[in-house]
Amino acid sequence: MVAKKAKAAVATEKSGRRSRSAYFARREAAKILRSVLQGDERRQAIGSIKSLVYSPSVSNKRATFALVCQTLKYFPIIKDVLEFSDVLSNKWKRQKELMYIVAYDILFGQEAPLVGGDAEKFLLRQKEDLQSALAELLVRKKVKHIDQLISLYHPPDISKPCYVRVNTLRLDVDSALQEFEKQFLVQKDDLLPDLLILPPHTDLHNHHLIANGSVFIQGKASSMVGAALDPRPGWDVLDACAAPGNKTVHLAALMGGKGRILACELNKQRVNRLKDTIMLSGATNIEVLLGDFLSLDPKDRSFSKVRAILLDPSCSGSGTASQRLDHLLPSHSAEFVDAERLNRLAAFQKKALSHAFSFPAVERIVYSTCSVNQIENEDVVYSVLPLAASFGFRLATPFAQWYRRGFPTFEGSEHLLRTDPVEDKEGFFIALFVKQGAANSAEERNECGSIPDNPIQSNNKKYTIPDGKPMQSNNRRYTSPVLYNKLSRIWLHTYSTVPRRSIRQKAIKQRLWRVLNAPVKFGESASYDILLE
C-alpha cells in the first residue's frame, strides 16, 4: 500500500512538472508567434522562426519550437475555427497569439495537459463549440479528414541534410567530427573545410556543442558567402547588414580572431540577436554599429582601412523559404509574386552595392542574397557594372569548381554563383568584386574576369527565369543607373533600323562610352534607357 502511494505521488509530481513546463512553453511560443506574424504582415521579419526560437531567452526550446511550427501548420484552420465559433471576447482577442497556441493544443495536441492558466480554462469551456466549428469547416471544404484539410494549405516538406559549421574560434574540425560521430552519421563537406554534414532532421538543439557555440547550424550556401569574401587575418572588414550574425562570426573565424570586423545593423531588435550570436561565438574582434549602412560616410577615418565588405542585404528570401519554414506563414499561401515589394528590395540592393564601392581602401566586395529572383541578383549586378569599372573593380569567380553559375543575361555573368533551392536544397546568389591590382592568391588571379569593354553589351542567347518564361536577351530594352558629372538627364537610343556598322550608331556608342568613363561625383545618378540591337 505504501509503495502504491509513493508511486502515485511520483506520478503526480511528474504530471505537475509536465503541466508547468507546457504552461510556460505555450507563453514562450505565443511571444515567438506574435513576432513571426507581425514580421510576416509587414514583410520585415526580425529573424527566421528557428533563429527566434533558439535565442538564449527561450528556455524550453524543443517544446516551444514544436508548438510554434505545429500552430503555424494548422494556422489557417485554427483561425477559421475561432472565427466560425465566435468565442473570443475583446479581452482574448488582444492575446490572440496565445489563443492560437491553446486552440491548437485543444483541437490537435495529444500530450500536454491543459491546466494552470486562464487562457486554457477559458478555451476548454468552449471546447464543444470549437469542435463543432471544425466539423463545419470540413464540410465547407468538402474533405473528410484533417490531413486533407492541411494539404489544401501547405506544400510537402523538402528534406535536406543538416549542415553545421564548426566555429574554429572554439573548436577544431576534427574534434567536432569525433564528437558528432558518437551519436550520428557525419562527414566533412567536400567544398568547405569547416562544414560538416549530418542526416536530414537531425535534432541538435540541445547538443552541448550548439549550446556552447562550438558549432553553428548553418546551411552550405550561407557558409559559402563568407568563404567567398576570404578576408585575411588582420584586415578591417565591414559586414553591412549583419544580423542575425552567423555570417559575421564566420568571418571572425576565417580571420582567426585577428583584425577588426564592423557589424552594421539598422534594426534594434535584430542588433540584440546579433550581439547574442557574437557572444556565443566567443569572437572578440567584432564591433557592432547600430545604424543604416547607407548613412555610413566612407570618408570617416574609422572606415579608412576597410579592405573587404560583405553585403548580404534584405531580400525576398525566396531561395530559403522551406529552410526558414516560411512556407508555414500566412503570406506564403498566396499564389502571386509581390512585384512591388521586389522592386523596392532591388532598389535598395542597388543603392547598397553602389555605396560599397565608395570605401577608399576596399579591395573585395561580396554581394549575396538568399533569393532566386533575377531582379535581386543578376539585374542588380548588371546595373552597377559601369560604377564598378569606374572604381577599378572587376567580377571574379568564387568557387570556380562550382557547377551552377549566374543566368546568362550579360557578358561576364559566368563569374556569378547560384545555388538551386531544389537541387541544392537552398537558393543563394553570390557575386564577388575584386579591385584590379589588389593582392590576391594566384588561383583567384586566374579566375578574375574584367568588366566587359562595353558594359552594356549583352549575349544573344535565350534563357529561362524562375517563373519558367523564356526571354530573349537580344533586342531588349534595359534600364541601367549610371553616374554622371554635369548632365542632369540623358536619353540615348540606338535603333535596330540603323545598320550595325553605320557611322551614326558607332558615334552614339562612342559618346555613351565617354559618358560612362567620365569623372563622376558619387551619389548623383542618371537613367539611360537603351534599346540594344
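Backbone N, Cα and C define each Cβ position, glycine as well.
For Cys370 (active site, nucleophile), the Cβ neighbour count at a 10 Å cut-off comes to 25, with all displayed protein chains included. Residues annotated as active site, nucleophile in TrEMBL: Cys370.
Sequence-distant neighbours of Gly245 (S-adenosyl-L-methionine binding site) (same chain, six or more apart, CB under 8 Å from its CB) are Ala263, Arg273, Leu274, Lys275, Asp276, Thr277, Ile278, Ser281, listed in sequence order. The annotation S-adenosyl-L-methionine binding site is assigned in TrEMBL to Cys241, Ala242, Ala243, Pro244, Gly245, Asn246, Lys247, Glu265, Asp292, Asp312.
Residues or ranges marked as domain 'SAM-dependent MTase RsmB/NOP-type' by TrEMBL: 152-436.
For 445-471, the entry in TrEMBL reads region 'Disordered'.
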> Relative to the Cβ position of Ala243 (S-adenosyl-L-methionine binding site), how many further Cβ atoms are located within 10 Å?
Replying inline: 25
>> Applying a 10 Å Cβ distance cut-off over all chains shown, what neighbour count does Asp292 (S-adenosyl-L-methionine binding site) have?
In response: 13
> How far is it from Lys247 (S-adenosyl-L-methionine binding site) to Cys370 (active site, nucleophile), counting Cα to Cα, in Å?
Replying inline: 13
> In Å, how large is the greatest distance between any two Cα atoms among Cys241, Ala242, Ala243, Pro244, Gly245, Asn246, Lys247, Glu265, Asp292, Asp312, the listed binders of S-adenosyl-L-methionine?
Replying inline: 19
> So what sits near Cys241 (S-adenosyl-L-methionine binding site) in its own chain, CB-to-CB under 8 Å and at least six residues off in sequence?
Replying inline: Cys264, Glu265, Leu266, Phe293, Leu311, Asp312, Pro313, Ser314, Ala352
> Taking just the CA atoms, what is the gap between Cys370 (active site, nucleophile) and Ala243 (S-adenosyl-L-methionine binding site) in Å?
Replying inline: 14
